[in-house]
Structure formats: structure tokens, C-alpha cells
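In what follows, a structure is listed as C-alpha cells, so that the remarks can point back to it.
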């Protein structure tokens, strides 16, 4: 009888813990698709691997897709929805114009729908694809629990204040990331995702004009030449190893070769300089901190139950059943 009472107490404590964990968090698990689509992770990794081997720059694109999805209305694949007549979607917002990797997500979704229709969400595909893309270019592996639901809303104006501007200083970045539950170390580590990819000239030309004191002169001349020749469509890499996930990004900041204002501010600010130096010196610790940050990011504002769905196509919401 005592054992039964203890079991009841334990179950009550579990329910309380679930409630305190907040909306969406308890819905995720590592074996969410274990019964209905057991090869889901394998399928995602296989397709991501093929894509990144063919074009290593896609690693940055897939990581950025997940980030831009989660920071706007939570991790609900809203960034994948196409615009409709009279409604401009997130993917067509100015901040998202350079997003890449949509065709990789489409291929994953089509393959999964053929294997286990109506089971795996686009939001989970984004989270898994980002992890696998990072892994394929030398970054750390981390667990991605599944069970996110796909959202039904995607509006371009939602991006205006949700996504970090390339012109923010460290204090503003700390505040913005803090609204999602990130601490300072999380923010700096996730900024290290800029070890992959490029930025286009409009994102950094103001830095060339107004931040000479924190910008290496030779680097500034190179960037100016790039933008003068190619205009707004020209781009520059965030660091010298832009298709490898490593700690070079932080070493570049120490040399005042940060591409964006929001990059270099991490070294210039007393609030974050210590972390930049630590990550530059110890890549293993950067990898650890990055995985911690990605774990938190993958659980931002999750949709549950009627608030979400399992889309048949990642580009459009499901049609009502009635």
C-alpha cells in the first residue's frame, strides 16, 4: 500500500514538473517518431549530407533557416510558408531575402511523406537539418528532441523586431536574446554560428564608414573594394573558413576583422569580450556552449495541440478538413 502511495506522489510530482516546464517543452522527446517514423533522423541526415557535400555553403543556409524560424513566433516552420495573395510571408521579408536551403527541406519533407505520411513536422525537419548541417562541416553533434508542431501564421512584419539587426551593440543583443531565455554565454556562442556563411554589403557598409577604430584597415579596404565592384548584391565571408564550423570567427574578432557591427561589438564590449577570448582560445568550450544554446533555441515558443499541425507540404498550411 505504501508503494502505491509513493507511486501516486511521484506521478503528481511529474505532472507538476511538466506544468512548470512551460508550454511546449514537455512535448519534445528523443523517440517521438520511434513508432510512426523510426528512420526519420536517418532520412534527414542522409539528404542534408548529400546537399552539403555538393555545396558546402548550404550548411550556413540550413543553420540560418532554423535560427530565423525560431526567433520569429517560435520554432514552428513559419519561415518555410510561401506568401499568398494579400499576405506576404516571413520568407519574403527584407531580413530573409537571402535565406537558402528551402529546396533541401522540400526534398526531406517529400521523402518523409512518401515513407510515413502526415507524421514528421517541418519544424522538426528544420531543427534536425540545422544540427546535421553543422555536423557535416566539422561542428559538434547534439541531441535534438522532437515533437514540434507546425504553425499556421507567417507574416513578414513579424520579423522587424524579432530578428537581430546587424547593427545592434552587445547590450541590445543581450536584451533581445534574453527575451527568449538565453544568457550572455548562449548569445555569444550562437553568434559563433557566423563561423559559417556570408553577409551582403548593405549589412556591413555602415561599419566601413563609421567604425574605423574597431576595423582592421586592410580588411576594411578589401570589403570596400568588394562592395564597390559588386554593389548591394556582393557579399563577404564572416571568417576565413566560412564553410568549416570552427572557432576562427572569434579569432577574427580579436583581430578586429568582424564583418558586422553586431559581430565586432562582442569583442569591444566588456560584457562579452571575456567570452570571445575564451572561445577563441578553446574551440571545444565554444562547441559545448553552442550546443547548449542550440538546445534552448530549439524550444522557443513551441506550438502544441490545436495551435499547430503536421503540414503535408512545408510551403503551405493544411486545408481545413471541413
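All residue numbers here begin at 1 and follow the chain in the order shown.
Placement of Cβ uses the backbone N, Cα and C atoms for every residue, glycine included.
TrEMBL annotations: computationally assigned, not manually curated.
Here TrEMBL flags 68 as active site, proton acceptor. The Ca(2+) 1 binding site annotation in TrEMBL covers 69, 72, 74, 76, 78, 90. The substrate binding site annotation in TrEMBL covers 164. The heme b binding site annotation in TrEMBL covers 194. The domain 'Plant heme peroxidase family profile' annotation in TrEMBL covers 27-318.
On the structure: features taken from TrEMBL.
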| residue | record | Cβ within 10 Å |
| --- | --- | --- |
| 68 | active site, proton acceptor | 21 |
| 69 | Ca(2+) 1 binding site | 31 |
| 72 | Ca(2+) 1 binding site | 28 |
| 74 | Ca(2+) 1 binding site | 23 |
| 76 | Ca(2+) 1 binding site | 30 |
| 78 | Ca(2+) 1 binding site | 27 |
| 90 | Ca(2+) 1 binding site | 26 |
| 164 | substrate binding site | 19 |
| 194 | heme b binding site | 26 |
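In sequence order, 68, 70, 71, 73, 75, 77, 79, 151, 154, 158 are the same-chain residues whose CB sits within 8 A of the CB centroid of 69, 72, 74, 76, 78, 90, the residues recorded for Ca(2+) 1 being left out. Geometry remark: residue 194 (heme b binding site) versus the residue listed as 'substrate binding site', CA distance 13 Å. Across the structure, residue 76 (Ca(2+) 1 binding site) and residue 68 (active site, proton acceptor) are spaced 11 Å apart at their Cα atoms.
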